[in-house]
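Below is one structure, written out as structure tokens; comments come after it.
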Amino acid sequence: MSAAVAASSGAPAADVEKGAAAADANVDGGGAPAAAAASGEGVVSAVVRRWRRQDLLEKSGSALRVAAWAFSLLAFVVMGANDHGDWRQFEHYEEYRYVVAIGVLAFIYTTLQLVRHGVRLTGGQDLQGKVAVLVDFAGDQVTAYLLMSAVSAAIPITNRMREGADNVFTDSSAASISMAFFAFLCLALSALVSGFKLAKQTYI
């Protein structure tokens with residue numbers, strides 16, 4: 001009698017264990033697709049964030065080069081027009097001729113960079129990824145350095161002239177130097193953007 005009772009009480013316990021095991025299996029089986037879906041969403045989100053960051057960097061670099069283009073144009077145009085006769089002619093001063101030369105160089109460089117950007121926007125062929133970023137970084141740095149050297153060379157002579165005579169010639173010289181300095185700032189910031197893009201470049 002006691003054996004029968006034990007057998008009958010053991011059967012439900014075994015059924016309960018089997019049911020629990022089946023439930024665990026169902027949970028595990030349903031969790032795998034959910035984990036895979038979550039992982040896929042994470043990858044997609046990371047890719048979207050990367051695209052947005054690249055787009056922001058591209059727009060920032062282009063905007064800074066547009067500003068540098070405008071400032072460099074003003075720098076050499078204002079200095080080139082700074083001709084008021086006698087000693088008040090920029091051609092008489094090596095420092096001012098240097099400002100004009102570097103302003104023209106910066107203008108040409110930024111023009112070429114903007115043309116490259118336009119080619120990319122229209123789906124044209126540009127340099128390969130890493131090479132393009134290296135060209136941007138090196139070009140921005142070198143041009144910014146040259147602009148800063150031109151500004152540094154022209155400031156002392158302008159200050160000495162203004163101590164003796166503050167006139168339209170010295171004012172125009174100061175305005176040109178200021179434009180060259182703003183062009184330097186824009187290209188220096190653009191070099192930082194290019195450097196960040198170079199550091200984040202993938203090597204696959």
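Placement of Cβ uses the backbone N, Cα and C atoms for every residue, glycine included.
Here the structure is a predicted model, which means the values were calculated and not measured.
What Swiss-Prot records for 1-60 (among others) is topological domain 'Cytoplasmic'.
The transmembrane segment annotation in Swiss-Prot covers 61-81 (among others), and the record cites sequence analysis as its basis. Listed as Cβ neighbours of the transmembrane segment (61-81) (distance under 8 Å, sequence separation of 6 or more from its ends, same chain) are residues 90, 96, 99-100, 103-104, 106-107, 110-111, 113-114, 117, 136, 147, 172-173, 175-177, 179-180, 182-183, 186-187, 189-190, 193-194, 197.
When Cβ-Cβ distances below 8 Å are used as the criterion, the topological domain 'Extracellular' (82-98) is approached by residues 150, 153-154, 157, 167-169, 172-173, 176 of the same chain, each at least six residues removed from its ends. According to Swiss-Prot, the topological domain 'Extracellular' annotation covers 82-98 (among others), on the basis of sequence analysis.
Non-local neighbours of the transmembrane segment (99-119) in the same chain are 58, 62, 65-66, 68-69, 72-73, 75-76, 79-80, 90, 125-127, 132, 136, 139, 143, 146-147, 149-151, 153-154, 176-177, 179-180, 183, 187; each lies 6+ residues outside the stretch with a CB under 8 Å from one of its CB atoms. Residues or ranges marked as transmembrane segment by Swiss-Prot: 99-119 (among others).
If you look up Swiss-Prot, you'll see 120-130 (among others) marked as topological domain 'Cytoplasmic'.
The list of residues near the transmembrane segment (131-151) in space but at least 6 beyond its ends in sequence, with Cβ under 8 angstroms from a Cβ of it, reads 61, 72, 95, 98-99, 101-103, 105-106, 109-110, 113, 116, 177, 180-181, 183-184, 187-188, 190-191, 194-195, 197-198, 201. Residues or ranges marked as transmembrane segment by Swiss-Prot on the basis of sequence analysis: 131-151 (among others).
Marked as topological domain 'Extracellular' by Swiss-Prot: 152-175 (among others). Under 8 Å from some Cβ of the topological domain 'Extracellular' (152-175) lie the Cβ atoms of residues 78-79, 81-82, 84, 88, 90, 93, 95-96, 98-99, all in the same chain and six or more residues away from its ends.
Summarising the annotation, Swiss-Prot assigns transmembrane segment to 176-196 (among others) and lists sequence analysis as the type of evidence.
The feature topological domain 'Cytoplasmic' is assigned by Swiss-Prot to 197-204 (among others), with sequence analysis given as support.
According to DSSP, the secondary structure content of the topological domain 'Extracellular' (82-98) in residues is 8 helix, 2 strand, 7 coil. Within the same chain, residues 57, 60-61, 64-65, 67-68, 71-72, 74-76, 78-79, 82, 96, 99, 102-103, 106, 110, 133, 136-137, 140-141, 143-144, 147-148, 150-151, 154-155, 158 sit at least 6 positions outside the transmembrane segment (176-196) and bring their C-beta atoms closer than 8 Å to a C-beta of that stretch. Residue counts for the topological domain 'Extracellular' (152-175) under DSSP, split into helix (H, G, I), strand (E, B) and coil, are 21 helix, 0 strand, 3 coil.
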